[in-house]
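J.: Structure provided below as structure tokens; questions to follow.
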Amino acid sequence: MWPLWLVASLLALSQALPFEQKGFWDFTLDDGLPMLNDEEASGAETTSGVPDLDALTPTYSAMCPFGCHCHLRVVQCSDLGLKAVPKEISPDTMLLDLQNNDISELRADDFKGLHHLYALVLVNNKISKIHEKAFSPLRKLQKLYISKNHLVEIPPNLPSSLVELRIHDNRIRKVPKGVFSGLRNMNCIEMGGNPLENSGFEPGAFDGLKLNYLRISEAKLTGIPKDLPETLNELHLDHNKIQAIELEDLLRYSKLYRLGLGHNQIRMIENGSLSFLPTLRELHLDNNKLSRVPSGLPDLKLLQVVYLHTNNITKVGVNDFCPVGFGVKRAYYNGISLFNNPVPYWEVQPATFRCVTDRLAIQFGNYKK
């Protein structure tokens, strides 16, 4: 019988999309569980699968770096003050945890022989230099977590087997064309917390990628980046400096289920902009500078959650959220947040929320000048 901690770790690594995981590994930022877990979204989940637990048989190898904990095919070397990747790592290792150390460089032979490595965790080190051949031996690597380091560029020659890349909280200012070439299996990139501006994305930077999830939060974006993958189901651009959403900004993202634009400076959403998102279910526009409810919400038949709190909205019309007359909405709202807006909620007509599942799903009040 496999130890519970190992099974839980493997399942978390293999199935979790890019939201907060707490416990043994701290890989991510600050969101909840992915919404893409129902029948219509099942196709958006990662296709990487779970590692074959039957293959994790004890090897009883004496190879274990000094100070590390090695069990089955998991090597944990976190929080040891390491200056470099340790030697004597068993070649059959599948999970290698090197987070919270002082590693500053990845050399050409650091991962030599680790052909079975599935997940590599390098979070919270001081890595600023990566040799172009450092990842060459990692033929089966699917998860690379290299957030909270000192990188100024996306690492070269990433393994073609890679499914998930977490590279947030570094110093990256540019995403050049071709940097992701050959990564046909990639479906998740987390690159928030880098000083990226719109001009930092070269045309064709994401060519060839079929991403389900992309987060570029806490950057320096002033608009929605152009030419992101059309396959996206989730796009998170929160905590930027975006000021407006223009008609063509969302034209190519018809497969979005969740769009995160909270904590920006958005004052204007051009009429018709949201009409290109027929499958949208969750829309985050909280903590912006909107003066009215965006037009087009009643036409989004699958929309269930809208965050509009902490804006400058002064009025809510009776047809701002729900279709008129016999208009069909396939999924009723289960969450509309309007609190911390100067809306006289006692003047809002009850029929405004005729397509909401429960009155408790509507959040008003708590506005302070």
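Glycine residues also receive a Cβ, built from the backbone N, Cα and C atoms like all the rest.
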J.: For Cys77, which disulfide partner does Swiss-Prot record out of Cys64, Cys68?
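T.: Its disulfide partner, as Swiss-Prot records it, is Cys68.
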J.: Which bits of the chain, at least 6 residues beyond where the repeat 'LRR 2' (104-127) starts or stops, bring a Cβ under 8 A of a Cβ in it?
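T.: Answer is 13, 25-27, 51, 73, 78, 83-85, 89, 91-98, 133-151, 166.
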J.: Whole-number Å distance between the CA of Asn312 (N-linked glycosylation site) and the CA of Asn271 (N-linked glycosylation site)?
T.: 18
J.: Below 8 angstroms Cβ to Cβ, which residues of this chain, lying six or more residues outside the repeat 'LRR 5' (173-196), approach it?
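T.: That would be 17-18, 28-29, 46-48, 142, 147, 152-154, 156, 158, 160-167, 202-221, 236, 239.
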J.: Work out, from DSSP, the number of helix, strand and coil residues along the repeat 'LRR 2' (104-127).
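T.: Residue counts for the repeat 'LRR 2' (104-127) by secondary structure: 0 helix, 5 strand, 19 coil.
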J.: Does DSSP give Asn312 (N-linked glycosylation site) helix, strand or coil?
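T.: Coil, per DSSP.
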